[in-house]
Every structure is written in C-alpha cells, then in structure tokens.
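**Q** Sharing a structure with you now.
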Amino acid sequence: MSDIDVFAAMGIAGFGKATQKKELDPARFDKNKRQEGPQAPARQAAGPAAGPSSLSMPNKAPASQDDDSDDEEEQGPAPPPNPNMEEEDGLEEPEYDPSEDEDDDLPQFPITHEITLKDHTKVVSALALDPSGARIISGSYDYDSKLWDFGGMDMRCKPFKSWEPAGTYYVNDLKFSNDGSKFLCISGTTQAKIFDRDGEEEATFVKGDPYIRDMKNTSGHVGELTSCAWHPKDPKLFITSSADSTIRIWDVENKRKQKTVIVVKSKERGARTKVTACNYSPDGNLIGGACLDGALHMWQTNSNFVRPNMSIENAHVKGTETGSVVFSVDRQTVLTRGGDDTVKLWDLRSFKKPLAVHSGLTTLYPSTNAAFSPDDKYVITGAGATAKGGQGRLVILQKDGLEEVKSLAVEATPVKVAWHSKINQIVTGLSNGQIVVLYSPVTSLNGAKLLLSKGPPRKVTIEDVSDALTAPTILTPHALPMFRDLDPGRGTKRKREKERMDPKKSRRPELPVTGPGKGGRVGASATQHVVQNLVRDTTRDVDPREALLKYADDKDPQWTKGKKARVASTCRDSFLCGAVWMLFTDVAVDSETLFCSLEDEPASARVCGRRRDRGEGGVGCGEYVPCSTRREWAGGGKGVAGDYVDGPSAGDLNLKFCEL
C-alpha cells in the first residue's frame, strides 16, 4: 500500500489549503493565431526544432492495409494467438506510451501565434533578450532604446522605459550579460556604455585620441562602434569592434583604458578596414571578426593577437557589411550573414571554403543577422522585400546544407532575429519599427504567453479619475481625541463647501490687484523709476550744524540733565568777566576776539560770532558773524582758560555759555 492510500485511509487528503489552478482559455490564443499565407516549397525537416524528443510509434497505415488483405484471404475465424510465438521469434512488442501521440501533434516551430510590440518609429537595429527570457531590450535608428518586460506588460504591449542612450546616434548593438544583471550598449559613437537591467547607466568607457596614427597606442576607439560581445565565462570581459580597424577587449572595472587591442590589417591599400561584426566562441577560446573588405578572421584568446590564427580573405563580397558572426554549440562551425545576400556556414577544422551557402536573401540593412535554433539544427534569418511596399520573409534553414525549411511572410523587412532557448520563442525586429514575437501555445514557455493570462486591459472611466483626485478614507479607531473625526461621513459636502470658501485651506491663488499696488505685488514701471530719480538727493549739501541747532529750542534745549547741572554750577561759581575761555583749543585769540551774544537769560545758548564792531554799545553790540572754529566766553576778570580782554565787569554782566 502506498503512502497516498495510507493517508486516504486516515482521512488526510492533503496538506494546507488547496488553491484552484488557473486555467487559460484556449480562445485567447486564437486571437493571436498567425494567418498562414502562401509558402515557398520546402523540404520536410527531419525532426522538431524544440520540445521534448521521443521515439515515434510505428506507422499504422501499412499495418491496416495488411490487415485488410488478410481479411480477404482468411476463411472463418482467426486462430488464437500463440503466446510463445514472440519468444520464439525473439521479438518483443513495444509498450504503448500515450505521450507519443502528443509529441506527434506538437508544432514543428514556435510560429503558430504572434504578438506585436509597437513603439519604435524607425528600423529596429539592435535586439537582445536576457538569459531568463523575461525582458527584451531594443534599439533603433530613432536613437531610442526601450525595455520590455513580459511580466509587467498588458495587452497594450508598451515598454516600461524608453530613453536615448547616446543622444542623436544610431543604436548598433545590444547584448545582455550572462547573468542578466546588465547589458552593453553600442551606438554610433566611439564609447561603449553599460546599463543595469533597469536602464540606469553604470559606466561609460573612454574614447581614444584621434590624432594618434598607431591604433595600438590609443586608450579607446576612435571610430564608430559596430558590434559587441560578452565573454561566455568571464563576466568582467567583453569585446567591441569599430570602424577604426580594431577589436578591443575591455574590463568592466577599468573604464580608462582597454585591456588588449587587436589591430586588423587589410591586404588592401591603406592597411585599414572596418570591422563590422565580432563574437566569442562558446568556450571563450576564439574571437571571430568580419571586415568590410570581405575577410573573416579568427584569433585565439591565449595568443598575442599580432596576426589572426585563421583567416579567409574573400569570405564575402568586398565592400559589403557582414551583419553577424555566430559560433555553433559544437564549437566546430561558424555562421556568417553577409551583406551580399548570402548565409554561409564554415568549418573551423577546414577553414578554407564554406560548407554550405544559401543565397537569394535580400539584405537591405547592414545589421541584418542570423542565429542558430536552440537545438543547433536550424538557422533563422530575415530577407528583405524585393519590391517597394512588399513583404519581407523570415526564413528557417536546415543547418546541414542550409536548405530552406520554412518561410514566413511578415509585414516589413526582418532585420534582427533571436531564438531564445529557454522560452522557445522567436523575436524579430522589423524595418517599420515593430517587434514581432512568434510563439506556440503548446511548446513555448512564459514570455508572450504571460500577456494572455492577464486578459484585456480595463478601460479608464470617469469614476477612476474622480477616485484618484479625492483623498482616500483612512480608518483609525484608536486615534487620539484631538485627531479623531467625531462625525465621519456626515456633512462632508457642507464641510467641503465651507473649506472651499477659505482661501488658505482651498489654496486659492492670489487675486489680481486692481487699482494702486500694495504689498509689493505690483512692480514699478520704467517711467516711475525715471521720475523717482529726477529729484536729486541734497543731503550732502545740508549744513550739519544748522541741522542740529534747529532742534535746540529755548524752552526745551537738547542737553542732558548732567550737562545742564554742570553748566549751572560753572556759571554760579566762576566770576568770568571780560575773559575768553577757549572750549576746544588752547590757541590764544588774535586781535579780533570771538564773543558770544549776551542776554538776560543765564542759561540761554547763543550762536557764537565774531564781533566786527567794538565801538559804542560795549560788549554785545554790533554785528556778529557765525564762527565754526572757536567757542569763547566773554567777560572781565580771570577765566578758567584763555586770555583777558577788555570788557564789562562781572557784576554788570551775566555769564553766557555757547554750545553747538
């Protein structure tokens, strides 16, 4: 008795909560089913391209014919079978496997259904899938690179990121790293860039000095980049090819200089040629490069790279750009897609002439490539439309002999193709900017099939917009009383209308000012500025003495209390008559003595002046001129400081004080 029977006898049907398995509706796949058009005659393939392989059952049609002939000859019932007859003949009847019938019904290639990714506006010149098959990175002649995620897309099939990695330069090549954490971007510039899987730039490598003739002495490329490839085993190494006739090996951690330079020398005049494509072998021991002069070179990675280890000068027509160099999994053959409308297969053990050639594949773009199938039995490539407005072809060739097996008509010219081994889906970039993903609902895994499990996108309604604008309701049953809403749900409209009238809560912008400005909101015009500057500021022309003395009133002199008491004491204790007291200088007075005007008020301050006329009237009579150099007291007798002058007696005059 098995464990399942024991659990069933004990009443245990399973562990945990059983979840209902979500089943896909087969009708959804019918919407994306590809409409087969007229096909070119092709030889039947030997076996399926992908999916589990199994032994096919014996052909039943001939057996049925033999049975019919036996029935005509037999008279009466058939004799019972002899159980020992199989043992005597030494033959055993094979057991019937129901999965074999299912394998016979499997499609040969994942091309029965398709989805289209539309976002580019020009030809898709670069295309790559990450190792898991979950994301696609594409580049185009519209200068954009776009990231597509099968798990995050809906039926609208829009990329989650689009940007220009190199400004207004074409994107020539894109390659994901072996771990899928980053990808390499090659554009029409001289600098390679590395981005993470989300499209954020991580590194930009240096460009070389264009004025150095020897390419071995430059730190980077000095010509347009054309292709790139990651090392299959070392995640820190990658190679780039350029129009400066070099292939450079880079280290991810060193952006300032390449690790090794491979200078490609041409036998043509000038000794330079454009390297159009490069790649690593699966084991990383070989580097292949195709050039514009038609040559195909191979270098061993453990060599000094002075000259190629293997070379073919006329691999393709001179002057045509070879779009791709691909190594097979068996490490013995190399596939090249030339710009001379051919696909050629080369044997590394006999690197003299191609093993097979397939011609007639119209090449309209230099980046047209070819790729092997996951089982390494087929080759897929694109062919351009022969007439204007015609359809392109996606051609599947058998590896042995490069004979055409399948030809699919597509809307535009296929440029970039990729056949992913994990999801078993074919992705191709077209010249009209579209990306077509071919798959099979039976043999393909995830990828484009994830879009169908999500269903059609829901249309956006007015309610969705209004819900997004209104603030969501937050329920906080344990909130403090000061933050608690005591009346939730009641009077919301009236409260909202009341808050609408409050300019602060509603965040109403300031209304335009009518009439004269205020608060600095209305700036002065140019005319106002000119008018304000017409009146000249005359502060420098004002006499500071006059400006201060205008505040010295007789009723309220601008003196401090301490100074006022000191002056009163001086006037009471000193008998200064006819003397001059110099307040601010020790210089003796000249013949024209300075006097202060005399009045009856003892505490009055008077303007200091120079007495011009000392005639009749005595002191205090005559004309006084304002004096700003000396301040003197007039009187008879001995003063505190200064000289004696003639004047009235101290008893007849009251001492007067002069102050600024």
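In case you wondered, yes, glycine gets a Cβ from its N, Cα and C as well.
Caution: TrEMBL annotation is automatic and unverified by curators.
Annotations per TrEMBL:
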- 20-36: compositional bias 'Basic and acidic residues' (COMPBIAS)
- 37-52: compositional bias 'Low complexity' (COMPBIAS)
- 65-75: compositional bias 'Acidic residues' (COMPBIAS)
- 85-106: compositional bias 'Acidic residues' (COMPBIAS)
- 498-510: compositional bias 'Basic and acidic residues' (COMPBIAS)
- 11-107: region 'Disordered' (REGION)
- 481-526: region 'Disordered' (REGION)
- 117-149: repeat 'WD' (REPEAT)
- 218-260: repeat 'WD' (REPEAT)
- 324-350: repeat 'WD' (REPEAT)
**Q** By Cβ distance under 8 Å, which residues at least 6 away from the ends of the repeat 'WD' (324-350) in the same chain are close to it?
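**A** Same-chain contacts beyond the ends: 277-283, 286, 288-290, 296, 298, 310, 312, 315-317, 356-363, 366, 368-372, 376, 379, 381, 397, 399, 402.
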**Q** On average, what pLDDT score does this prediction assign to the repeat 'WD' (218-260)?
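**A** 95, rounded to a whole number.
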**Q** Could you give me three numbers for the repeat 'WD' (218-260), the DSSP helix, strand and coil residue counts?
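**A** Going by DSSP assignments, the repeat 'WD' (218-260) contains 0 helix, 19 strand, 24 coil.
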**Q** Helix, strand, coil: count each for the residues of the compositional bias 'Basic and acidic residues' (498-510), based on DSSP.
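**A** Output for the compositional bias 'Basic and acidic residues' (498-510) reads 4 helix, 0 strand, 9 coil.
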**Q** Per DSSP, what is the residue tally for the repeat 'WD' (324-350) in helix, strand and coil?
**A** 3 helix, 15 strand, 9 coil
